[in-house]
Each structure stands twice: as C-alpha cells, then as structure tokens.
Amino acid sequence: MAENRYELNKNLAQMLKGGVIMDVQNPEQARIAEAAGAAAVMALERIPADIRAVGGVSRMSDPKMIKEIQGAVSIPVMAKVRIGHFVEAQILEAIEIDYIDESEVLSPADNRFHVDKKEFQVPFVCGAKDLGEALRRIAEGASMIRTKGEPGTGDIVQAVRHMRMMSQEIRRIQNLREDELYVAAKDLQVPVELVQYVHKHGKLPVVNFAAGGIATPADAALMMQLGAEGVFVGSGIFKSGDPIKRASAIVKAVTNYRNPQILAQISEDLGEAMVGINENEIQILMAERGK
C-alpha cells in the first residue's frame with residue numbers, strides 16, 4: 001500500500017472519532033443504528049453472544065447479507081474477517097466494504113500470521129489488549145485499533161483492563177529517554193518509529209476505540225473517560241429490552257461522557273440490559289486470539 005493511501009485510511013478512521021459503531025445482523029437493525037446516530041455499523045450474521053453460545057467455527061458473513069446492509073444505510077459499513085484470512089479480506093474489498101475488522105471474535109484462520117493489511121486499499125480495524133499488540137497491528141497496516149475486551153459477555157471488565165494496560169504502557173514509553181526507545185521497540189517487536197511516535201505524542205498513531213462487553217450508557221462513558229476515542233457495541237444493543245432507546249442512549253453517552261446529569265437522564269427507563277456473563281463464569285476465549 002502506498003504511504004499516502006495509508007495516511008488517507010488513517011484519516012478516514014479519524015472521522016469516526018467520538019462515534020459509536022454497532023453490530024447489526026440485518027437491514028432493519030442497520031436502519032435503527034443509523035437513526036440512533038451510529039457513526040458506522042458492523043455487518044455480522046451472528047453477534048458475539050450468539051457465537052459464544054453456539055460455539056463451532058465462525059467465519060466471514062455472507063457477502064449477500066453484507067450488501068443488503070450496505071444498501072440500507074448511508075453510514076459506513078464494516079465487516080469482520082478471520083485473523084490471517086487474507087482471501088476473506090479480498091472478498092470484502094471486492095464488494096466495496098468501507099472498513100475490514102480482522103477480528104478475534106471469529107475463529108482464527110492463522111495462528112501465527114495476521115493479514116498483510118498494506119496489500120489492501122480498504123482501511124483495517126484490529127483488536128489489541130496492550131501496547132505491543134496495538135503497535136504490531138499498526139506496523140502491519142491497521143488504520144484503527146480497538147480493545148479486545150471479551151465480546152459477547154456484556155461484562156466490561158476486560159475492556160477496562162485492556163484500555164488501562166495500554167494507557168499505562170504509553171505513559172511508561174513517555175518516561176523513557178530517547179536512547180532507551182530502541183530497546184523498547186525491540187521488546188515490543190515493532191519498528192522504532194512507532195515507539196518514537198508514542199513517546200512524542202503520548203498516544204497511538206491511529207484512532208483507538210473501546211470494544212467488548214459495552215452494554216449500558218455508563219459503560220460507554222466509562223471507556224471514554226479511560227481514554228477511548230469511540231466505542232463498538234456488539235451484543236449489548238439488540239440483546240436488550242429496548243434496542244432503539246438503548247442505541248440512542250449509548251450514542252448520547254459517548255458525546256456527553258463527562259456530564260453525569262445527562263448520563264443519569266439517558267440511563268433511565270431503557271428496559272432490561274442484556275443478561276451478560278461474568279468473566280469468572282467463562283473461559284476467556286477471544287481476547288487471547290491474535291497476539
């Protein structure tokens with residue numbers, strides 16, 4: 001990928017900053033998400049909660065279903081590919097998807113290698129649970145990073161852990177001397193230029209969203225206050241009692257994340273949140289995929 005194309009892709013991802021990206025399974029849900037103010041939608045045949053419940057191998061969604069969602073909304077549409085499955089990515093690029101998420105939510109196709117994202121024109125989103133993972137994905141050509149969390153649980157604890165971990169490691173890099181950055185880059189297994197960027201700017205070179213377990217407006221505001229630049233909401237909306245109201249409330253929470261009065265108002269009368277699964281009740285399946 002030409003350097004100027006990558007810069008363009010990073011800028012495209014920056015345009016989603018401060019927004020909410022919602023998992024949708026059909027055109028009707030996509031229209032609900034768009035009406036609620038979503039910045040983009042993620043087209044998925046099965047949302048993470050269902051993938052977790054059913055088990056088995058989960059793959060890229062049917063291109064026909066993705067195209068139906070593309071035709072239903074005017075906001076950007078994303079879709080997921082398996083880690084390392086560059087042919088699934090080629091297919092999504094062929095149907096002119098707006099963003100590709102190389103996702104640990106699906107069953108990995110390759111246990112060692114990720115997709116070479118520089119081979120594609122479409123911007124890629126990747127998950128990371130610490131600074132090393134984030135910078136390695138960026139070195140491969142990712143235009144956007146999100147926390148991995150533990151999708152499909154409705155439990156925010158993993159996303160919080162990953163965001164705090166990333167922030168702590170960024171602060172550690174900032175406190176290093178210039179001549180210590182080379183060793184840090186070697187330890188993180190990334191080009192020194194990326195570590196130098198973090199040292200100078202105190203943040204990732206690409207936009208950084210939160211994902212995994214976000215189920216309430218308060219969850220979304222929590223992740224924003226911890227440093228996220230936007231949020232992904234998967235199972236939390238359409239597994240809840242009142243998806244339309246909850247979707248709108250989460251969008252408002254991301255915009256007003258530092259205003260407790262507004263957060264209190266929009267948290268009222270949302271119907272039942274998704275039941276969720278406590279992290280202590282499950283085996284951590286997805287967050288450990290793709291390091």
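Count begins at 1; order follows the chain as displayed.
Every residue gets a Cβ built from N, Cα and C, even glycine.
Source: prediction; values computed, not measured.
In Swiss-Prot this protein carries:
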- Asp23, Gly152, Gly213, Gly234, Ser235: D-ribose 5-phosphate binding site (BINDING)
- Lys80: active site, schiff-base intermediate with D-ribose 5-phosphate (ACT_SITE)
- Arg164: D-glyceraldehyde 3-phosphate binding site (BINDING)
Nonlocal neighbours by CB distance (under 8 Å) for Asp23 (D-ribose 5-phosphate binding site), same chain, sequence gap 6 or more:
Val41, Met42, Leu44, Ile47, Pro48, Phe232, Val233, Gly234, Ser235, Ile237, Phe238
So which one is it: of the recorded positions Lys80, Arg164, which has the fewest other Cβ atoms within 10 Å?
Arg164
Tell me the Cβ neighbour count for Gly213 (D-ribose 5-phosphate binding site), meaning other Cβ atoms within 10 Å of its Cβ, over all protein chains shown.
29
